[in-house]
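Undergrad: Below: one structure in structure tokens.
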Amino acid sequence: MLRLIVTLLTSLTIALISTPEVIKVITKNNVFDLPGGRKVHTELIPSMGGVGIFIAFLLSCCIWIPMSSAIELRFLFFGIILIFFMGVRDDMLAMSPRNKLIIQLIAATVVVGFGDVQIKSFYSLYENLNFPEWFSFATTVFVIIALTNAFNLIDGINGLAGAIALIITASLGAWFFLVGNHSYAIMMVAMLGGVLGFLYYNWGRATIFMGDTGSMILGFFLSCSLVLFINTDYALPVEHTYKLPDAVSMAVALFIYPIIDTLRVFTIRILNGRSPFSPDRKHIHHIFIRTGFSHAATSTIIASISTLFLIVCYFANFYIQDLLLLACILTALYMIPLLLKWRVYYYKNNKEEITKKVQRKKAKESAKFKVERNVG
């Protein structure tokens, strides 16, 4: 436990110290996140906040993970480093989707092929069926790339991607610690501290954005971690206190918001005859913003709902059969967004009033921000 606490403090401190330096370098070199597309900001804000997260995570892991475990995880670290450099390049000079996909494919192939991070069966859903090696490899690579990009897509407002990452890393970190896998727990806590340090500068009125540098490494790391979580749980003896009846359903529950949001916007774009990868403002968090919620409020609401959903699924795990629980979760992927309709209906009927309210709020915040900059 002491090692985990020290790891958290180490990572948090490094992120808090390194992020302002990243802001200075980025500002000096004019690497800004430009408004437009699915983005809701109107000012030039430094991007590449993921650099601070990456530095905090990697240094903390190097310091606190035992050498023997670090060697076993070397392919995972290689994949994360490769994704990091891809994110840096994309934030500095936009890469084509094709080139990004190729690099993601290489990173996932290395982790899955050499790091033994594989989805090997249906697990508790159908224990008697093991996947052939080729199918296991292809399925895992697809899942990792899909979840990586799903996580990248939710990074549309301040604090949201970081808040979701906090929920996942904290949950997995606690579970890995309870089952005695301290190396994995340290990894989770190291990433948790890095994200916490970044959020200090990104929550509310951000002074830096995560950028692809951050969202891509978080998505890649978290998707690989979910596979490790499922395999670790499956290997536990049946009588183990913390063995879950259905780890697959819990993995889906942990990643519920990125999955919901991605499936939703892809469906809307395809039905409208557009590419599923074309940027827009149809994401769930954009709906909240358009209807008057602030970035901080939207991120808090979505993170709270995700946490509540995770807690409900955890306890349901012990009372509902595996396939039925997974069916309930998958049904929620499309049912939960319907709850937003009441807000959309209210917005349509009070559009003028809400628009004026949002404009007044933005003007007030902008004036306050300018005063603070002049004072500073």
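Yeah, the Cβs are placed from backbone N, Cα and C, and that goes for glycine too.
On a predicted model such as this, the values are computed, not experimentally measured, just so you know.
Not my notes, these are from TrEMBL:
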| type | residues | note |
| --- | --- | --- |
| BINDING | N152, D212 | Mg(2+) binding site |
| TRANSMEM | 44-64 | transmembrane segment |
| TRANSMEM | 71-88 | transmembrane segment |
| TRANSMEM | 134-153 | transmembrane segment |
| TRANSMEM | 160-178 | transmembrane segment |
| TRANSMEM | 184-203 | transmembrane segment |
| TRANSMEM | 215-236 | transmembrane segment |
| TRANSMEM | 248-271 | transmembrane segment |
| TRANSMEM | 292-317 | transmembrane segment |
| TRANSMEM | 323-340 | transmembrane segment |
Undergrad: Return the stretch with the most CB pairs under 8 A relative to the transmembrane segment (292-317), choosing among 160-178, 184-203, 215-236.
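TA: Counting Cβ pairs under 8 Å, the winner is 160-178.
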Undergrad: Around the Cβ of D212 (Mg(2+) binding site), how many other Cβ atoms lie within 10 Å? Please give the count over every shown protein chain.
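TA: Step by step: centre on the Cβ of D212 (Mg(2+) binding site), count other Cβ atoms within 10 Å, giving 27.
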Undergrad: Under a Cβ pair cut-off of under 8 Å, which of the recorded stretches 44-64, 134-153, 160-178, 184-203 contacts the transmembrane segment (71-88) most often?
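TA: Most contacts with the transmembrane segment (71-88): 44-64.
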Undergrad: Check each residue in the chain of N152 (Mg(2+) binding site) that is at least six apart in sequence and keep those whose C-beta is under 8 Å from its C-beta; list them in sequence order.
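TA: Same-chain residues close to N152 (Mg(2+) binding site) (Cβ under 8 Å, separated by 6 or more) are D212, S215, M216, G219.
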Undergrad: The transmembrane segment (160-178): which same-chain residues, six or more beyond its ends, come within Cβ distance under 8 Å?
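TA: Contacts of the transmembrane segment (160-178) (Cβ under 8 Å, skipping residues fewer than 6 from its ends): 1, 4, 151, 154, 184-185, 188-189, 191-192, 195-196, 198-199, 202-203, 210, 214-215, 218, 222, 225-226, 229, 232, 241-242, 254-255, 257-258, 285, 295, 298-300, 302-303, 306-307, 310.
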Undergrad: On the three-state reduction of DSSP, what should I expect for N152 (Mg(2+) binding site)?
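TA: Assignment for N152 (Mg(2+) binding site) reads helix.
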Undergrad: Determine, from DSSP, whether D212 (Mg(2+) binding site) sits in helix, strand or coil.
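TA: The residue in question, D212 (Mg(2+) binding site), is helix (DSSP, three-state).
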